[in-house]
Amino acid sequence: MSLLPCNPVGELSSHGNGHQARIHSRSRFFSTGQKVAVEKRGLLSKRYNSSNALAFPRQVVQYGSFISRPANYFAAMTKTTNKEPGTLPIRTQALSSKSLSSFITPEIANMNFFNRILLAWKILFPKTILVRGDSNAKIARQRLKMVLFSDRCSVSDLAKKKILENVVKTLSEFVDIESKDKVELNVSTDSDIGTLYSVTIPVRRVKPAYQESDENYKGQIVGIEYKDAGEKTGAVDVTFDFYVPNDK
Amino acid sequence: MPSLVLPTAYFSTKLSHRHHSTIPSATHSRRPHLAGDPPRTVVITSGKGGVGKTTATANLSASLARLGFRVTSIDADAGLRNLDLLLGLENRIHYTASEVFSGECRLDQALVRDRRFNNLRLLCLSKPRSKLPLSFGSKTITYLVDALKTLEPLNPVQFILIDCPAGVDAGFVTAIAPADEAILVTTPDITALRDADRVAGLLECDGIKDIKIIVNRVRADLVRGEDMMSPLDVQEMLGLPLLGAIPEDAEVIRSTNRGSPLVLNDPPAPAGIAFEQAAWRLVEGDTMTAVALEEADRPAKKGFGWFSFFGL
């Protein structure tokens, strides 16, 4: 499966997904036969310009041993252009080219060709990792947790009423409750804690005996903002919250 | 404690010399140390049917008998009887506990001795086709178990294993009445675990605080492939100590059909080894800690090895 011979790695990025998709289709063509050669030649003619003349054949040489039929084709190509001895190898060439994208790290560039094929394959066909949340055991565990919590801690209606009454009675020593009809008891499950009983009670206000000291309650500081106006002067905004009880 | 153990050991070795058992006796370099006060009454229950209670009872009692302890197994299912089939004693049951209570026979006549082990006895509660089904209550069976404990003062029974019927109705309540400990057998699927949780709650309400789990029919391949819950998950869910994790084994079916408990196989089957270990832990009052299964190496597929290059 020789995907990349026509396209040096440096070029891979510059065309985005469409380009990669074309690579994909071409890879499949490679295994079929004659039709391939035509298309390949066309691509080669596009790519084989002066800037890549050196890059292309060097790459070909490296993988030439792996491919059966196309190998002959590329071997023929290599013979014609393997005349420049003192040129830089492809890898450093690719690094120095401006069209190099950032994801070609030195590690990738220094991998040999077969590993690059491997990498490209893994990019194109990512292995579907079994997400823990989708596995049957995980689903079963979640369901079982919910079921066990609801089975273990299901409270009868009588008990619910009594809980509410007791809680309301205890709480009304300290606070004034808005309306006793709006009091609710909710049983829910939480994965960390377990079963949660939440009693919702609308509270009008705290009873005077249990309030914090009056002075504090008259003006509670809600917010402080420091505003730097200049070097010598500064301003501080302090926001107060005043509560004047109605029935005083 | 040592003084209690010594006379029993003396008796059991004497018996084994006299009667040559056909099954090669397990050569244990040491015997498990019996924890707790004998006789220990253990009920093996599950709630959901078909998870392997009777198999576990048969195999545990066979293991215990082979280890040298005096064991009496009680099939506490008054309507349907299965424990005798697993032990291979179905032809030898003539008297059951209902005949004892109606006065037709003595208690020791109703106890069927296993042909392989002298210290293993089986007691069935009633015959399935009896015309006068005697309904057993909690007090009746407690009286029966007390009588069993004091039956042979010279050679007292050390373990009484009660095989509980399925469900949580009257039969269940009857079976758990005389027990001090419980073994909860469950499989790692969600239905069995829900029922096991309910049963654990019922047991605790009834006063049995010592509950241990045996996870049966564990398929390691499914656990590894994240399709089945592991014994570790089961233990976490139920919050009870783990006595043993038994792998799924076809040998269970074969041994049931043969009428010989699985643990007596030579060479031992994997499930048999697990049952043996569970019996050992039961005696010593020990529990096991489940570990997460490790990912085994994938076997190299022949002929398609090169696909692995591409991550397939």
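The count begins at 1 with the first shown residue.
Positions of Cβ are set from backbone N, Cα and C atoms, glycine also.
Summarising the annotation, TrEMBL assigns ATP binding site to B:Lys48, B:Gly49, B:Gly50, B:Val51, B:Gly52, B:Lys53, B:Thr54, B:Thr55. Annotation source TrEMBL lists domain 'CobQ/CobB/MinD/ParA nucleotide binding' at B:42-262.
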Excluding B:Lys48, B:Gly49, B:Gly50, B:Val51, B:Gly52, B:Lys53, B:Thr54, B:Thr55, please set out which residues of the same chain place their CB within 8 Å of the center of the CB atoms of the ATP site, keeping sequence order.
B:Ser46, B:Ala56, B:Ala166, B:Val185, B:Asn216
Hey, of the binding-site residues listed (B:Lys48, B:Lys53), which one tops the CB count within 10 A?
B:Lys53
Near B:Gly52 (ATP binding site), how many other Cβ atoms are within 10 Å of its Cβ?
22
Suppose you look only at the domain 'CobQ/CobB/MinD/ParA nucleotide binding' (B:42-262); what would the mean pLDDT be?
91
